[in-house]
Ligand SMILES: NC(=O)C1=CN([C@@H]2O[C@H](COP(=O)(O)OP(=O)(O)OC[C@H]3O[C@@H](n4cnc5c(N)ncnc54)[C@H](O)[C@@H]3O)[C@@H](O)[C@H]2O)C=CC1
Ligand SMILES: O=C(CO)COP(=O)(O)O
């Protein structure tokens, strides 16, 4: 199972490109579907994705395409579109039966569905897995040590897919908690925006640590209400990714929050973005999903208000002046 196979990748952003590099390093031929013609040309002609992952020399085993039919013989397909575009992309693969490994982080707007349920509806014949964890694309592409959760309901499939893409510096840990792996990755992006705001507004490192801890409590309440396991939320795809994303300007979500905290209106930071800050899309969806599940998520609500243009100081004051409560 870990011998050479053709691996498909859908999405030629930074993360899809870095994962293509991982699969190529594992000895596989890789077919990467990208939306932008210049990304396809750059990968095939210069072995570089100068648009989304500049400066990384890509393996010649990665072939980019804009033809969906080129994914027909893939042994497994890594799906790495922005979350809100996953259903549209998967409509082009509706008859596929090869396993889909979902690597995006978010919750679908409108339906409030986690992405594995979106994929199940869009590609009914394909087994579904989720790959999530603390993974800045540029570090993975540089071959720096990284560990992820790889979850599928079928434990044997999770183990098989983990073996298919594993590298000494890219260690997937198999799990059967699909919803748990997804919720950590979706929620931490919203909390990373909040941590960026704290940093940008100069509120100090005590405040950031408090936000990470209370944010994790928020993630756990929501996750448990949606059927996640506590140990998954405390693992790589939950707490691990939360800590990474809440502590570095390498995070697009943290940087977005930092800009808001420094006083730049969210709307202007989000206008004409080339790269995706998923937390900005997830926040209002998460607020709605939490309300539906009867879960209190005050940090998520505050991030939503900031994204809607509320003043930073007043939003922080409102968060800090809530009635005192017990920690548990
Ligand atoms: N970059 C990273 O370090 C990591 C990203 N992810 C997740 O991977 C997913 C993809 O993110 P990145 O690869 O970083 O993207 P990116 O920010 O590098 O690139 C933007 C991507 O969005 C696509 N896109 C833009 N408009 C679109 C449209 N209208 N329809 C379909 N696609 C469109 C572009 O083709 C491109 O692939 C996100 O859910 C992100 O949270 C997960 C782990 C790490
Ligand atoms: O998901 C990520 C790291 O695990 C990437 O974080 P950002 O999308 O905030 O850059």
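Here the Cβ of each residue, glycine as well, is placed from N, Cα and C on the backbone.
Keep in mind that TrEMBL annotations are predicted by a computer and have not been checked by a curator.
Here TrEMBL flags 188 as active site, proton acceptor. Annotation source TrEMBL lists NAD(+) binding site at 11, 12, 13, 14, 15, 16, 137, 252. Marked as NADPH binding site by TrEMBL: 15, 35, 105, 137, 252, 276, 278. Positions annotated as substrate binding site by TrEMBL: 105, 252, 253. Residues or ranges marked as sn-glycerol 3-phosphate binding site in TrEMBL: 105, 133, 135, 188, 241, 251, 252, 253. According to TrEMBL, the domain 'Glycerol-3-phosphate dehydrogenase NAD-dependent N-terminal' annotation covers 7-157. Positions annotated as domain 'Glycerol-3-phosphate dehydrogenase NAD-dependent C-terminal' by TrEMBL: 177-309.
Feature annotations (TrEMBL) mapped to structure.
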residue: 11; record: NAD(+) binding site; DSSP (3 states): coil
residue: 16; record: NAD(+) binding site; DSSP (3 states): helix
residue: 35; record: NADPH binding site; DSSP (3 states): coil
residue: 133; record: sn-glycerol 3-phosphate binding site; DSSP (3 states): coil
residue: 188; record: active site, proton acceptor; DSSP (3 states): helix
residue: 241; record: sn-glycerol 3-phosphate binding site; DSSP (3 states): helix
residue: 251; record: sn-glycerol 3-phosphate binding site; DSSP (3 states): coil
Sorry to bug you, but what's the C-alpha spacing from residue 105 (NADPH binding site) to residue 133 (sn-glycerol 3-phosphate binding site), rounded to the closest Å? 10
Taking the Cβ of residue 105 (NADPH binding site) as the centre, count every other Cβ atom within 10 Å, in any protein chain shown. 28
Just name the winner among 35, 188, 252 (the recorded positions) by count of other CB atoms within 10 A of its CB. 188
With Cβ-Cβ distance below 8 Å and at least 6 positions apart along the chain, what are the contacts of residue 16 (NAD(+) binding site)? List them in sequence order. 9, 10, 32, 34, 78, 80, 81, 103
Binding residues 15, 35, 105, 137, 252, 276, 278 (NADPH) - maximum C-alpha distance in whole Å: 21
Cα-nearest neighbour of residue 253 (substrate binding site) within the listed binding-site residues, 11, 105, 276: 276
Within 10 Å of the Cβ of residue 251 (sn-glycerol 3-phosphate binding site), how many other Cβ atoms can you find? Include all protein chains, please. 24
Kindly point out which of the recorded positions 135, 188, 251 have a C-beta less than 6 Å from some atom of ligand 2. 135, 251
Rounded Cα distance in angstrom between residue 11 (NAD(+) binding site) and residue 105 (NADPH binding site) is 13
Can you tell me how far the Cα of residue 12 (NAD(+) binding site) sits from the Cα of residue 135 (sn-glycerol 3-phosphate binding site), in Å? 16
Suppose we screen the recorded positions 133, 135, 188, 278 by Cβ distance to ligand 1 with a cut-off under 6 Å; which survive, in sequence order? 135, 278
Compute the C-alpha separation of residue 188 (active site, proton acceptor) from residue 241 (sn-glycerol 3-phosphate binding site), stating it in Å without decimals. 7
13, 135, 137, 251, 252 filtered to the binding-site residues whose C-alpha is within 10 Å of residue 35 (NADPH binding site): 13
